[in-house]
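Per TrEMBL, the features are:
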TRANSMEM  9-26  transmembrane segment
TRANSMEM  32-49  transmembrane segment
TRANSMEM  56-74  transmembrane segment
TRANSMEM  86-103  transmembrane segment
TRANSMEM  115-134  transmembrane segment
TRANSMEM  146-169  transmembrane segment
Amino acid sequence: MKKTPLKHLIFNAQAAILIAILAQFTLPLGPIPLTGQTFAVGLIATLLSPKNATQALLLYWLLGLIGLPVFAGGSSGLPVFLGPTGGYLLGFLLTTLITASLLHNNSITFFKASYANCLGALATLLVGTIWLKYQTSQPWDIAIKIGFYPFIIPGIIKAIGAGILGLTVKKRLEKAKIFLN
């Protein structure tokens, strides 16, 4: 098995911490809060390879599952993961895979970075809404009304912001000969 270089482990740990920090920025919109997590996940997926972005997300999940208050609003534990908002946490995995895969080893423009992040954000919303529907036994129209529609515009804004900031940071790090992948 190929060993992961120490610098990747450090970047991945920093990325997990970034998700945890931005998860604390919440705005309640009914039962599902608007958080900074989605921005952070898109940002790390723009900066890191699919493997490293996924490892960072898995570390973030692990920190929350063992009881550290890293999920939205300082929550933690298995009940959060299995509760009505758990699908959004699971959807982050698709975001990292979709976004990082589309951007890894390709020439990246601001448009591509924003587009890839929008696709990733859409994946999170879809998984989260489906999970919400089944966890709360709500009819589809209600689940979509409370778990999808309110997050479309903020999701697009955060996705474009993550794409632009991620690409800007990536270019500056490469110019300084600091390579994340």
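Using the three backbone atoms N, Cα and C, a Cβ is placed for every residue, glycine included.
Since the structure is predicted, the reported quantities are computational estimates derived from the model, not experimental observations.
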Review point. Taking a Cβ cut-off under 8 Å, which residues six or more beyond the ends of the transmembrane segment (86-103) line up next to it in the same chain?
Key: 32, 37-38, 41-42, 44-46, 48-50, 52-54, 56-57, 61, 64, 71, 80, 112-113, 115-117, 119-121, 123-132, 135
Revision key, fill the gap. Per the Cβ filter (under 8 Å) with a sequence gap of at least 6 from its ends, the transmembrane segment (56-74) is approached by 11-13, 15-16, 19-20, 23-24, 26, 33, 35, 37, 41, 44, 48, 80-81, 85, 89, 92-93, 96
